[in-house]
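Over in TrEMBL, the protein carries these features:
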{"type": "BINDING", "residues": "His99, His101, Glu105, His145", "note": "Ni(2+) binding site"}
{"type": "BINDING", "residues": "His99, His101, Glu105, His145", "note": "Fe(2+) binding site"}
{"type": "SITE", "residues": "Asp104", "note": "site 'May play a role in transmitting local conformational changes'"}
{"type": "SITE", "residues": "Arg107", "note": "site 'Important to generate the dianion'"}
Amino acid sequence: MAEIRIRNTNERIQGEQNVKSFLEKQEVLYEHWDPAKLPAELQEKFVLSDEEKQQILTTFDAEIRDLAGRRGYRTWDIVALSDATPNLEELLKKFEQVHTHTEDEVRAITAGKGIFIIKGTDDVGYFDVELEAGDVISVPENKPHFFTLMENRKIVAVRLFIETEGWIAHPYEDPAFQKA
Ligand SMILES: [Fe+2]
């Protein structure tokens, strides 16, 4: 289940209802899928063949189509990252910059962990959303954010798009943003 950390105060928000209502106020969609639907061997696999990626999409087909139907997504795929990913360090450096895009950024975590750092309302400031398998999040369009891995450095997620071109990252220079 996702957890929130507010960077300015180090306050943590836990528990599905608390997390959900905090994220709702921040206009961040948060839902949950049952990660146990995935065959056990795919719950701990981070280097995936095309067949295995398809198997994950098939497992969550009903959830994907439900979300897509409600929110207008037209394409989806699987992203898998781990220490086995070529150039992982470089990729992470690129990821770890605050940016915006003109489409929302949807991720449904199917294995591993990840973290979105999001610019909240002025009274909240930046906050972290720590995600694990089963967590589904959508960062709204034009909301400054970035994504990175957690200590375990591995994740598999479903990405959904309205138009893949709408997802080009625009850097967001923010002197108020402090790392850590
Ligand atoms: Fe993004």
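Using the three backbone atoms N, Cα and C, a Cβ is placed for every residue, glycine included.
Annotations in TrEMBL come from automatic prediction, not curation.
Shown here: features listed in TrEMBL, placed on the structure.
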residue : record                                                              : DSSP (3 states)
His99   : Ni(2+) binding site                                                 : strand
Asp104  : site 'May play a role in transmitting local conformational changes' : coil
His145  : Ni(2+) binding site                                                 : strand
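With a cut-off of under 6 Å between the Cβ and any atom of ligand 1, the recorded positions Asp104, Glu105, Arg107 reduce to Glu105. Apart from His99, His101, Glu105, His145, the Ni(2+) site neighbourhood in this chain, defined by C-beta within 8 angstroms of the site C-beta centre, holds Thr100, Val139, Lys143, Pro144, Phe146, Phe147, Ala169.
Here the Cα atom of His101 (Ni(2+) binding site) is found 15 Å from that of Arg107 (site 'Important to generate the dianion'). With all protein chains in the displayed structure included, the most crowded Cβ environment within 10 Å among the binding-site residues His99, His145 is that of His145.
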